[in-house]
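Comments concern the structure below.
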Amino acid sequence: MSETRVTGWVGWVWFAGVLLVVEGAFDILFGFMALLAPDSAYFRGSTGALVGYNVQGWGWWTLILGIIVLLTGAFLFRGALWARLFAVIIAGVNAVTSLLAMPTQPIWSLALVAMNLLIIYAVTVHGDELRRAAA
């Protein structure tokens, strides 16, 4: 087996962990918003109509996903292999979920998709270095 050298690029994985924690916190916040105020302006499109899906169901999904994303980010800091694998999967799921808010919040949705793509890049390209840095 070859030794994995720790380089400055390990910072990308730390950045991905921070993004996961921040994104998880936002998902939790948006989940609570959907559960507590489903008729708010946040969930209305430009025409003023509510989005075409069950806002409370989306709220529960986003709340649970946010908790999972936040915990994955926290464990990514520890260099856990399962957290690296799960971070890629959960970032992909979260990117697709973010697209559901596209009719009401297009800029924020695209920003979340971009954040998730950065997470996937950082973890897949530089994930091996994190394990060595954590050891």
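Including glycine, each Cβ sits where the backbone N, Cα and C put it.
Copied from TrEMBL, the annotated features are:
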- 12-38: transmembrane segment (TRANSMEM)
- 12-127: domain 'DUF7144' (DOMAIN)
- 58-77: transmembrane segment (TRANSMEM)
- 82-101: transmembrane segment (TRANSMEM)
- 107-125: transmembrane segment (TRANSMEM)
Tell me the residue counts in helix, strand and coil for the domain 'DUF7144' (12-127), as DSSP assigns them.
91 helix, 2 strand, 23 coil
Excluding the flanking five residues on each side, which residues at least 6 beyond the ends of the transmembrane segment (82-101) place their CB within less than 8 Å of a CB in that stretch?
13, 16, 20, 23, 27, 30, 51, 53, 58, 61-62, 65, 68-69, 72-73, 75-76, 108-109, 112-113, 116-117, 119-120, 123-124, 127, 130
As a test of reading the model: what is the averaged pLDDT for the domain 'DUF7144' (12-127)?
86
